[in-house]
Amino acid sequence: MRRLNKSQSQIKDNVTHPQSSLQLPWHAMPIDECFKYLNLSHDIIKSGLSNEEADSRLKTYGPNKLTETRKKTIWERIWHQINNVLVYVLITVAIVSLVQAVSPHFNTRGNTKFTAWFQVALIIGVISLNTWIGIYQEGNAEKAAEALKNMLSTNARVLRDGKEVMIPAEDIVIGDVCLLGLGDKVSNLATAEACLTGESVPIDKIVDAIHLSNGMIAEEVPLGDRKNMGYCATLVSQGTGIGLVIGTGDFTQIGTINRLVNNTASTKTDVLRQIAKISKYLFVCICTACFATFSVAFFYSYNYYYDALASVNIALTCAVAMVPEGLEAIVTLVYSWAVKVMASHNAIVRALPAVETLGSVTVICSDKTGTLTQNVMSLTAIVTSNAHYKNDVDATKREPTNIKRQDCFLSERAPQAMKKTGSQILLTGQSAEKRGMESSFKYRITSLHVPSQPAAIQSNLKEEDDFVIKNGESPSPDWIQSVLACGVLCSKCVLGENGGRSGEIGNPTELSILRAAYFAGCEIDELKSESRMIAEVPFSSEYKFMATVHEPSAIDKAPEGKLIVLVKGAPDKLLKMCKNQAIGGLAGEENLEDINIDYWTEKIAILSSHGLRVLGLCRSFVDKDTVGDELGQEFVNGRDEGKWLTMVALCAIMDPPRPECVQAIKEAHTAGVRVAMITGDHKDTATAIGRMLGIVDSEYSEAVTGPELDAVTDDDLRVCVMNHNVFARASPQNKIRIVKALQAEGQVASMTGDGVNDAPALKAANMGVAMGKEGTDVAREASNMILADDNFATIVYAVKQGRVVWDNLRKVLLVNTPINNSQGLSVLVGLLARLPNTPITTIQILYSNFICAVTLGFVCAIEPAESGIMNMPPRRVGKRLIGRYLLLRIVMATIMLTGCVVASALIVDHAKHYDYLNICAEGYESNGKFCYDDTGKRFYSDDRLKMMRSVAFNTLDFGAMSVMMSARFTYLSSIHPRVFKSNQAAVASCAIVTVLQLLLTYTPGLNSFVFSMKGMDGFAWIIVIGFMLVVFLFMETEKAVRRRLKAKGVDTDDRIESFLDELQDTEDEEFNMSLPKGASRLNLQELRR
């Protein structure tokens, strides 16, 4: 046990762990060499490890489990929430209030003791509520590692001492022989690795070492192309197999990802950083205001002259006034409302502050498959000997018009392939077999020579007056059935319900032909029953075709006594066996002509240049007596007559773009947001899709591949990511580098991902976006946002809402900050104006801060988007939440609101209308305005003081309503009916505040005992309403001036850098381009400094 504990601790240091010596290129090593390095005998496959040897290896290498990170305790979480200078101010005020509540010195008059206790309770309640909200939103970062652990199998089948046993997954050791499979009916092993590699189709497994060519080193082979390796957390999709364990725990691929997730720091949002700084600035302002208030109270005021304790108390009242207790709650409300709105549009935000980041995104890095595309392989085009046909991949109705002849469709090579030879296109296209990176398309081209003069071999494509199908017309159902019969009948696939994906079985490429035939009106089941299959040559990757023999139907026009043979496969293989071509795809011997190899080869090159998968369809006829029960490949490629097939058509297949994404990308470009596509697909395919989507244009005309990114330096990569929008054959490792390079260039990057190994990049991005339908739990837990519909258009909508959040946060600050500032400054200015006491009390201040400010602030929090919000560029990096003009507006609103509050108090203090309130309590003498006790200490009449505070308090809150109604629109006038229409919460909020103000003002006991107020008369309401209108008209006048300045070209939106802005330092450690420790285990290249 001592040795076991030691090995567990050593997992934290991968250099000294025993498994570090076994980090070898296993995929490039022969099986015998693997046995040698693992100290295993050659009969290990038959007997497995002995129990003794397994126990020994378990002690040496440690259990097969992932290292867990330390979790925060509840006390650490609480400390994280209250460790804020503004909270310290509130705590200080609460302590002083508590002293006031228990000290006899402060309990000599009226309800001071009750007020002090009530104040303590309010402050504690505010701090507790804000702390609970913060803790509730915290903790998502730890869930990614938990999701990784949940993906591990709980048990495993292994061979031990020659017997098949089931053991806990933790007990698997290096050298164990694992039994993999679904059953014994199929011998070919294939695993679904989409969650780890991003490959959407199962990968057929092999035993031989991966061949390295052209100087490639073993580490450069992507995970998805290491076809002799099986990975933890992937699933067996077919067949059975025996695997040899070469790594466990943290030294598996998923273990490496676990370390990357734990080591990759989440970025802190701009608003959180700015609010933290604003808090520090506010602390300085509060301290300054407190000192000034104390000095004025102690040296200048009537009631507190040289009374140190009372002056401290009044200074702390100013502090309470200026602390924005409700700000954190209202910011949370802004985020929460945005989250609710986005969730209704399939964008699920996991961390509330991440909403704001969306509005500042400058680059959206999106996956291709399923996000920008439909994730459904679709038949895009059919090419016959004399025509091109376009298939409507978005069709929902079953009718032959879904297919139309369009000879201009895909008739020329893609722009990026114009300078390439045909052979070069075929070596790089979707249908080609790649150097070190095999395509998942099993009918890929391996060798085909293309003539060097493609223009000279286009003679077949011309308008023929006597051909039955004219350009622009749709073919007949019989023509569609005849041409596509090969793809429909020469297949074991089962089409999904109503032509959809639900319930479909088979290869996605082959299913695309069935789907096209189905939506073109073909009855698949009737066709199969009418042309019953007699025999077949099953597909093999060795010869890359499949053939079936059928009884002919009437439309096949078969010769008497003949059976029809349908062959589907790699076009280069089929062309070598073709003698004839069907004119226009028509059936019948009268429609045959000699094969034009150059024509078909160039067509294959053209389609491949557009990134399409190309499948050849052929047919021929044989005598019935030549067909046996079992057929081998020689039935097709070993016939005595040599060339015997008829080329019918080429099928061009792709995963088409989502129609809504084209418009969404246009909207993103209008908003100044770049869209980059990162895919594991091939370069030509990615470029073609990018061109269809509008991502590839004259400015960003080329794609770059993952291996090319691996070869460049950090500085070159930073240039590369700013000049390319398409990244093909990219690994999740490339994603991390792309994110870091973009951030180093001052970009705010959003990154999408769905696989397990996308998690580190999602966490490193400013905005990680995971897929909800096709994604893994690990990716979702590492992300900031989840797309419930896996649709790129949803990201663009979320970006819009993120901009709305930023605008609304600024509006909230414009409402709440003047309210807080004017409360504190009213105390200070009131003392300077020689008011007999503070115009508002501490309890009134706390009420306005947390109830009134939140209620009015909520209106701005849910304000809908203003027109033109997506016509503006993204928010500049480093832009302050409070810029020059917003600061000016806040200062002006503060001055106006403070002036109105103090002025209202002065009117009550000096108006003869209220002289009737100068009544002193029993035991006090009066001089007409002030009351004196027997020591000569001067007091203000309680009734007049309460009236003064009633008027000042209502002036403050009704004036705040005016600020809110004006702040709802950045430039548009609020003197307009829109103020009552666009946001119904505005009217409701004003109504609620009005009702609450009336209750506090007129409810007996509550007004006098708790809030130190008195019921107001008509003259008092004239004062309040008058100042309310003054504030509103002043704010609208300022807005009108700003509109005029903007029309003259003045930067009233704070888009130009100013002294208030925080410039981004691209050389900062935050943008360290090196990858997290352990990234090299994910097939990452060491980056050069």
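Glycine too: its Cβ is placed from the backbone N, Cα and C atoms.
Residues or ranges marked as domain 'Cation-transporting P-type ATPase N-terminal' by TrEMBL: 25-102. Confidence across the domain 'Cation-transporting P-type ATPase N-terminal' (25-102), taken as the mean pLDDT and rounded to a whole number, stands at 81.
According to TrEMBL, the transmembrane segment annotation covers 85-102 (among others).
Among residues of the same chain six or more beyond the transmembrane segment (114-133), those with a C-beta under 8 A of the stretch's C-beta atoms are 78, 81-82, 87, 90-91, 93-94, 97-98, 100-101, 106, 320, 325, 328-329, 332, 841-843, 846, 850, 1009-1010, 1012. Here TrEMBL flags 114-133 (among others) as transmembrane segment.
Annotation source TrEMBL lists transmembrane segment at 281-302 (among others).
Taken from TrEMBL, the feature transmembrane segment covers 845-865 (among others).
For 886-908 (among others), the entry in TrEMBL reads transmembrane segment.
Residues or ranges marked as transmembrane segment in TrEMBL: 951-973 (among others).
Marked as transmembrane segment by TrEMBL: 985-1006 (among others).
Note on the transmembrane segment (1018-1035): residues 889, 892-893, 896-897, 900-901, 903-904, 907-908, 911, 913, 947, 950-951, 954-955, 958-959, 961-963, 965-967, 974 of its chain, located 6 or more positions outside it, place their CB under 8 angstroms from a CB of the stretch. Residues annotated as transmembrane segment in TrEMBL: 1018-1035 (among others).
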Need a quick answer: max count of Cβ pairs under 8 Å to the transmembrane segment (845-865), which of 85-102, 886-908, 951-973 is it?
951-973
What counts of helix, strand and coil residues does DSSP assign across the domain 'Cation-transporting P-type ATPase N-terminal' (25-102)?
52 helix, 1 strand, 25 coil
With the transmembrane segment (951-973) as the reference, find which of 85-102, 281-302, 886-908 contributes the most Cβ pairs under 8 Å.
886-908
In the same chain, which residue numbers or ranges, 6 or more beyond the ends of the transmembrane segment (886-908), come under 8 angstroms Cβ to Cβ?
810, 813-814, 817-819, 821-822, 825-826, 829-830, 833, 835, 839-840, 914, 944, 947-949, 951-952, 955-956, 959-960, 963, 1020, 1023-1024, 1027, 1030-1031, 1034-1035, 1038, 1054, 1060
